[in-house]
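Chemist: Let me give you the structure first, and then I'll get to my questions.
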């Protein structure tokens, strides 16, 4: 709470949240948020590896690659895509978007690592990157929850009301190879898109604390 309050004060978005005394040194605060930004960068990098690995092996010149992100399970969240729009948001709202994306992708990544690792489409490279992403997503999620604990319930409520639920498992294990490949491509493409948003929101939180936005 102390950290999120300091950040909120810096952008003048929540004056009533500002305590009179901050217990955490600015240097420590800066280190924590820079580490969060590094985590989000790593998530993008591993997601990019997963996407390109599958794309090069299975998806070249395939019709299902067209408009694949139009049916991502997170589309109804309407998360901001433009940096300019995200920069106009206060830090509490940014933290909500971060948690919404992290929560929404936990199940598909978990199933990819635990239940789908024997699928031929899940190469060692993809599996290794997926495992790294699971670890880093859980670490980033824990950090955001600690600093912005007040948004956890509103985020869960929003996800519930928007009916954000990934239901692609049946297609991923389909006996029809075209159906299976289309589902894997959509999974990796949607994750790639959302990881870039996640990275942008986290980077904005970090650059605000270092005054480098």
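Using N, Cα and C of the backbone, Cβ positions are placed for all residues, glycine too.
Annotated disulfide bond per Swiss-Prot: 72-190, 207-213, in sequence order, evidence recorded as similarity to another entry. Among the features that Swiss-Prot reports, N-linked glycosylation site is placed at 45, 67. The signal peptide annotation in Swiss-Prot covers 1-13 and is backed by sequence analysis.
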Chemist: Can you tell which of the recorded positions 67, 72, 190, 207, 213 lies nearest to residue 45 (N-linked glycosylation site) in space, using Cα positions?
Modeler: 190
Chemist: Using C-alpha positions only, work out which of the recorded positions 67, 207, 213 is nearest to residue 190 (disulfide bond).
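Modeler: Closest candidate to residue 190 (disulfide bond), judged by Cα separation, is 67.
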Chemist: Helix, strand or coil by DSSP: which one applies to residue 45 (N-linked glycosylation site)?
Modeler: helix
Chemist: Taking the Cβ of each of the disulfide-bonded residues and counting other Cβ atoms inside 10 Å, which one has the highest number: 190, 213?
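Modeler: Of the disulfide-bonded residues 190, 213, the most buried by Cβ count within 10 Å is 190.
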Chemist: Quick check on the glycosylation sites: of 45, 67, whose CB has the lowest count of neighbouring CB atoms inside 10 Å?
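Modeler: Relative to the other glycosylation sites in 45, 67, 67 has the fewest Cβ atoms within 10 Å.
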Chemist: Go through 72, 207, the listed disulfide-bonded residues, and name the one with the sparsest Cβ surroundings, counting other Cβ atoms within 10 Å.
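Modeler: Lowest Cβ count within 10 Å among the disulfide-bonded residues (72, 207) is 207.
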